[in-house]
Amino acid sequence: MEKSDRKRLSKINICLDPPWIFDEISDEKLYLAYTQRQREGAVVRWISLGFLLQLFVIFVPGESDLKFAYSSVVIFTLLNISLSIVYAVVRKARPLLNHTAWLVIWIELLVSASRRVGDSYNELLGWAIVLQYFTLTTLPFHHLLLIAYSMITFTAYLLVQYYNAKVWNFSVEDLSIQQVANGCLLLGATLLGGTAYVINERKQRLSFKETKRSLGDKLTIEQQSKEQERLLLSVLPEHVAVKMRADLGCIDTQFKKIYMSRHENVSILYADIVGFTAISSSYSAQDLVAILNELFARFDRLAEKYQQLRIKILGDCYYCISGAPVERPDHAVLCVHMGLSMVKAIKYVQRITNSPVDMRVGIHTGAVLAGVLGQRQWQFDVYSRDVELANKMESSGMAGRVHVSEVTLSFLKDEFEVEPAHGERREEMLRQAGIKTYFIVRYKGSDEKCIEGEAGGGDWPDVLSDLKDDDEDSVLSPQDETKVSEEIKIHTMLQEELVNRDDDRELADGTTICLTFKEDEVERGYAQRGNSYPQAIGAPPMIILPALTPIITFAVPSTWTFHAFYIALVLEAFALNILYLIIFRCAQYKNKKIPAIWKLMCGLFNVAVFLTLNVIPLVLCGVIETDSEDDQFNESYGANQRCLHTSYYYHMGVGIACSVLWLRPLREGYRVLLLLGVAVAHALPAVFYPALLARYRLPYDPFVTANTTANTTALDVPEMLELMSKFHAGRHIIMLFIIVAGLIIYHRYSESLERARYSRGVRMRVQAEQAHELRRRNEALVHNVLPPHVATHFMGGRHHHRDLYSQSYAEVGVLFASMPNFTEFYSEETVNNQGLECLRFLNEVISDFDLLLEESKFKDIIKIKTISSTYMAASGLNPARQMQPSDGVLVRWAHLACLVEFALELQRVLAAINEQSFNHFVLRMGVNHGPITAGVIGARKPHYDIWGNTVNVASRMESTGKAGCIQMGKAREIFKVTEETCEILQKFGYYFEQRGLVAVKGKGQLMTYYLQGKRDEPVNHSDCTTAIVEETEPTDPRCALLANGDAPPPSVQTIDEADVQRPLLP
């Protein structure tokens, strides 16, 4: 039973609801509230129209009982004033006032029409036409209620005219045809108003949908911008990020922008996981990334608690600072607390891995230069000799202990108990700097001893409470809610934008008194805006012209000439509008726009046809009445020779005035002139032919009658009666001018609604553009923090921080390139602005390196990071790259050859910089290939990096390599590769020099080679020595020995693990 009832209700709803109704009930309710709110101003226009009608009744009472006529004016005036007061005071009553104002003015019109005397049964028909049109175009009611209201007023007016015929009992033989004419004109006004209602409703709903879509896009963009902002501010300090965002798109100057500032009295903490290499062989790369991510996330939470700024993660090394960029006096104390808590936090890894891993922490206090270098893959970093000393404090420390320098100790304010550490005996750099070192024993605020793995710094529950696994404010987990909550947000924003916003006040602030926008650009955009329904210009002639058909048959003398002229004009108007519609459809099919002037010209032609069809009969009747003036009521003038009902043409003029409102585009001032022109055009025939109005007197004038007592209640002043008689004769012309005033008021109201919609659209577009610009800038910054495909992964979907990003790659090339002699160049003398100018030069070098990555041939290369003067890049890190098993070496390792070419370009760029700056910097480079794991670690401060033996070996290739010598004014740099990499690159035409065996921890003895150059054509040899043997004229003595087959014995070099991934500034 319930299902059948639902089906029945759905069928009823289909019949009752218009086809344009929204699918979502919430949208429909909000739209109705918006429409109700927007059209509250219609009440004021109805009240204004009521005052105008009362003004007309004052001038033309239409009856001899003036006491009744003016009493009704007073009553209805008081009613309108009361409605105005209620509208201004009681806001909640405004929806009801629409019904009340409509009812009051129609009652006033019907009461006045029922007491008027005229030559035809059409008194106040023009007012009925305009009210019928206004009913459908202004009232914010349901379409069925509007139809009901229109049918009621339509029927009521015809019944009033039938009542007049019965009461006055004039011998009017053509009452039926007059009622048909009345009905046709009212029906035309109803259809024209209904058409305007449908068009306005669709435009309004389209505007509502566009506003909702714009707000949805804006919300999405804002959410994405917030995610990007959070991600950006997690990596870069806010003051740096703000400067970078502001500088995006600025014209490049001679020197690259450097974001660097110096800070004094900063404590620097370095922490390294001791024994992590030992457990790396027991876990997969993804598991290691997960362990590091969880551990470093705990460190990040500790850093937030102790006001530390995490700088960077270097493999399994974590370092941070305290006291910058915001200075604070307790920076050293907080830094020690951070170190002690980190020693406790390593218990997590011990428990998970069941291995004796531990933390080695070193802290030093001094001055730092903090900022960002380069143009890509920005990472906030610190530079100075004190930073390097802090690094040495860590490397010379002991597992499970916090190692501090005497400088740091001087800032601890005797809050910690310490013991001598003698780190200067284990580290030469500390000895040369004359720094004594100490181990933290315990925090004096607690009795707990800080030894070994039980270093103090707080009770266990306090530390563990900071190390909860839940990290809901991870920058990698979007903070916004589900799709349902997004819809609620959009709905709330829509209500704020559409219902709660005062459009009238905003429009008044943004427009002049003539409703033109104060900003010329906005006004031009409004004038040139696209029209949703350009074919609507044909509605007035298609709807109103047929209403003239019954009028033309009886209102003027029936002549074939006039009828032929009438038919010709009607056909011409229809033909023009049909042609316009055909052109519009063709342009729409070809996706082109019709010039707005075409539509305006078509509309003006329609108005001209209307005026011609209306004014020419009036002129014709004026001629006839003038000729018959000598014998005005002579029976010899039959009905077919007299103009019996010319008043219909004045009522038709109201329809013409309504059609003027459809002209687009037309400025407000021109429209007012055109409306006045319509009224003047109908008044001119009476000016030139006064007899046209004289025929409206006896016996239809209530003020001048020979044999009746109807005027007994009139004023007994002959002059007043004569004046009222003249007003009564020209009542239709007066009606036209007053109605034109009402149409001007109405059009100002509808124009304000249209301009408010346009203004809102402009505001939405501006906000969307601002949001897009913010997202673009944030996106550009984020893509300089994370590689684009990684940033897209996190920004493009909803991820929890536990959904780690890790990707395994089987075939990747890794490049390390450093300037070993930059340490000699760097100094913190006053002439170098405490080292800032040295870093400015390094920024120029790294920025020029970064610019190479913008070239299309290096699109497969990604910058990983910079470590002081060391530049790290990789190739083949493209998840979308799909290789087939059948692909050969030249296809699979093309990116590796590109990486080598990139390395050679780095040499050329540095040589050019050397030439311009009169320096002699050289590059030391190492290349390796193989499998790696890429991932993001750190939930609060995400850091993208790559791990694996491939990376370690590439780093060893750089650190154990050598720089070339200066030849012919140019530096010749050499970089080193392993034997397997050599074999691959040989196939791309590169040739090498054998360097010898190098002992690499975890890999054993590796044969390494120096890249010498590239042949014009690729060769395909099985080993590197063959490629070198084919050198025809070796210039190096070692190459000569190789050519003779007597290669020197390979040298063996052991690589220390501590030489990798450390800041390089001494």
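Yeah, the Cβs are placed from backbone N, Cα and C, and that goes for glycine too.
Record features (TrEMBL):
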type	residues	note
DOMAIN	267-394	domain 'Guanylate cyclase'
DOMAIN	813-958	domain 'Guanylate cyclase'
REGION	1044-1066	region 'Disordered'
TRANSMEM	43-62	transmembrane segment
TRANSMEM	68-89	transmembrane segment
TRANSMEM	143-160	transmembrane segment
TRANSMEM	180-199	transmembrane segment
TRANSMEM	536-556	transmembrane segment
TRANSMEM	562-584	transmembrane segment
TRANSMEM	596-620	transmembrane segment
TRANSMEM	648-665	transmembrane segment
TRANSMEM	672-692	transmembrane segment
TRANSMEM	729-749	transmembrane segment
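Note on the domain 'Guanylate cyclase' (267-394): DSSP counts are 58 helix, 38 strand, 32 coil. In the domain 'Guanylate cyclase' (813-958), the DSSP tally of helix, strand and coil residues is 65 helix, 38 strand, 43 coil.
A contact between the transmembrane segment (648-665) and the transmembrane segment (180-199) is present, since 3 or more of their C-beta pairs, 6 or more residues apart, lie under 8 Å.
Contact between the transmembrane segment (143-160) and the transmembrane segment (68-89) is not supported: fewer than 3 Cβ pairs lie under 8 Å, counting only residues 6 or more apart in sequence. Taking Cβ pairs closer than 8 Å, the transmembrane segment (672-692) reaches residues 607, 611, 614-615, 618-619, 621-623, 625-626, 628-629, 646, 649-650, 653, 656-657, 660, 663, 666, 730, 732-733, 736-737, 740, 743-744 in its own chain, all 6 or more past its ends. Averaged over the domain 'Guanylate cyclase' (267-394), the predicted model reaches a pLDDT of 85.
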